[in-house]
Amino acid sequence: MRTHYCGTITSAQIDEEVTLYGWVDRRRDHGGVIFLDMRDREGIVQVVFDPDTEEHFQRADRVRSEYVLEIKGRVRARSDATINPNMLTGEIEILGKKLEILNSAATPPFQLDQHIEVGEDVRLKYRYIDLRRPEMLEKLKLRSRVTSSIRRFMDENGFLDIETPILTKATPEGARDYLVPSRTHEGKFFALPQSPQLFKQLLMVSGMDRYYQIAKCFRDEDLRADRQPEFTQIDIETSFMNDQQIMAITERMIQGLFKEVLDVDLGDFPHMPYAEAMSRFGSDKPDLRIPLELVDVDDLMRQVDFKVFNGPANDAKGRVAALKVTGGAQISRKQIDGYTKFVSIYGAKGLAWIKINDITAGIEGLQSPILKFMPEDIITQMMARLAVTDGDIVFFGADKTSIVNEALGALRVKVGEDQGLIKGDWAPLWVVDFPMFEENSEGNLTSLHHPFTAPACSPEALEKNPEQALSIAYDMVLNGTELGGGSVRIHQADMQQAVFRVLGISDEEAQEKFGFLLDALKYGAPPHGGLAFGLDRLVMLMTGAKSIRDVIAFPKTQSAACVMTDAPGLADNKQLRELNIRLREKPKAE
Ligand code: ASP
């Protein structure tokens, strides 16, 4: 039996006989004495074999990196000269007495400390080796502490951990479904859940009162950067609680988690209406660590003789906004060109700017290609509104409101990062009062959250004026990332049907897709609501990982594949026949 993990042995164990299991991190031959750095889950310890223990010394001489060993030995203090203060075990070493080789290892495809050079594809192909790196281990350990803290909180607060089906019907969360063909029901398909949304609502109808689940969700999206087709949610639902109460209890959970795992006090989370977040930050997940804001200048731009500005300023669906960067006048032309390219990703056709060199010199003290289009009094009013001082730069966005918000919202974050303006480590908030619907590119209304979100108005008012309707929904945002979101749900069938009608879902279609929910709402559904947190994203923020893939043991690549197992794979003909599936075209061999 193991007596200690390698990385946990300190001076407290001096003179103890220990048994260790682990991998050879490094082997060094120092003129007749062999040093092995033994590694396991908890860290590294140095083991020394000298020729006295002949048989075991011979074996120590044979081992190579990543061999798996059992070692017995005695803990002793290192000589002063060899103490390594950078290692937890740096004051001691093990004088090895016995060594068993439990398994040899082929030369690893990369040295554990050379993972950066080998690239992510190789790391993912040999993920089991990549995960041996202490840095990766630490992330997965922290993830485990996060889930155990959450489970404890949930348990203490009376939440029941209940599993919901993976083979199910579509649960709309705005992505494509992953489909699974049914063998026993010819021509029919299961959908993997985009979330447990409908089941958790049904659990409230059953009277479970408080539910949670650490649940896998599946969304077949065109992979935007850092999304995973399968990911994990901390999924929560409650009965008889209003939005404020749901936010309060989940805020306590996240505060407690940060305190316990990172010893960080997040403080109370401010609440900000969606409209304010969009207007001030161009985003419904503002990073409040960045002290830059968008300022509307539509009213000033209506009259200017410059179509780029007066067009959107006079359009009800347009916006002209300014972003002042204090001290930004030193941003070079080249950097501005870079930013212009950056905002074009979001559909912006250009990026106008004004540098303030000497505010006392009036228009002469400003520098910009667009000044010639603007009357002086408009410029003066604008500068006063923006409260500029010497050395500032102001960027402008003028386009459809959605493009201006996205472009300037993203620019705000980029410039904030580039200019080192980020203040503080953590800035949480709740974004509330979302609109019920948004217009998609075809001009149809779609749910901003999902169609089961309760509006803050009556069914009549909703159908009369759906664009104006607000929902009782809330998102928790941390450092510009949406950590989680949820809502109070519709618990009455007539309201649910009204929402379906606004979404253009006919009664027949609603019955076919969600008949079971509409039925359930008739049989005594309590008022209920909840939310879900993205566990992967939460752990990514808490560990400071650069990518969501670094906090998932076996993630998919950007193209939604697993390079280690080679999934997805081809199905053989027998399987396809059993499933009654004929492929339209033979997939080309890879
Ligand atoms: N089901 C929602 C989602 O996956 C969260 C919720 O409303 O509870 O985003």
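Just so it is clear, glycine is given a Cβ too, placed from its N, Cα and C backbone atoms.
These features come from TrEMBL:
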{"type": "SITE", "residues": "HIS30", "note": "site 'Important for tRNA non-discrimination'"}
{"type": "DOMAIN", "residues": "140-555", "note": "domain 'Aminoacyl-transfer RNA synthetases class-II family profile'"}
{"type": "BINDING", "residues": "GLU173, ARG219, HIS449, ARG489", "note": "L-aspartate binding site"}
{"type": "REGION", "residues": "197-200", "note": "region 'Aspartate'"}
{"type": "BINDING", "residues": "ARG219, ASP220, GLU221, GLN228, GLU482, GLY534, LEU535, ASP536, ARG537", "note": "ATP binding site"}
Inset, instruction - Using DSSP, break the region 'Aspartate' (197-200) down into helix, strand and coil residues and give each count. - result: 4 helix, 0 strand, 0 coil
Legend entry - recorded positions: HIS30, ARG219, HIS449, ARG489 - member with fewest neighbouring CB atoms within 10 Å: HIS30
Legend entry - Sequence-distant neighbours of GLU173 (L-aspartate binding site) in its chain (C-beta under 8 A, six or more apart): GLN194, SER195, GLN197, CYS217, ARG219, HIS450
Legend entry - Site extent for L-aspartate (largest Cα pair distance over GLU173, ARG219, HIS449, ARG489, Å): 22
Legend entry - Nearest-integer angstrom distance between the alpha carbons (Cα) of GLU221 (ATP binding site) and ARG489 (L-aspartate binding site): 25
Legend entry - GLU221 (ATP binding site) CB neighbourhood, other CB atoms within 10 A: 13
Legend entry - Nearest of the recorded positions (HIS30, HIS449, ARG489) to GLU482 (ATP binding site), judged by Cα-Cα distance: HIS449
Inset, instruction - Among HIS30, HIS449, ARG489, these being the recorded positions, pick the one whose CA is nearest to that of ARG537 (ATP binding site). - result: HIS449
Inset, instruction - Work through the binding-site residues one by one (HIS449, ARG489, LEU535) and name whichever has its CA nearest to the CA of HIS30 (site 'Important for tRNA non-discrimination'). - result: LEU535
Inset, instruction - Work out the three-state DSSP category of HIS30 (site 'Important for tRNA non-discrimination'). - result: strand
Legend entry - Neighbourhood of ligand 1 - recorded positions from HIS30, GLU482, LEU535, ARG537 with Cβ under 6 Å: none
Inset, instruction - To the nearest whole angstrom, state the Cα distance for the pair HIS449 (L-aspartate binding site) and LEU535 (ATP binding site). - result: 19
Legend entry - Largest separation between Cα atoms (Å) of residues that the record links to ATP, namely ARG219, ASP220, GLU221, GLN228, GLU482, GLY534, LEU535, ASP536, ARG537: 19
Inset, instruction - Go through GLU482, LEU535, ARG537, the listed binding-site residues, and name the one with the sparsest Cβ surroundings, counting other Cβ atoms within 10 Å. - result: GLU482
Inset, instruction - Provide, as an integer number of angstrom, the distance between the C-alpha atoms of LEU535 (ATP binding site) and ARG489 (L-aspartate binding site). - result: 22
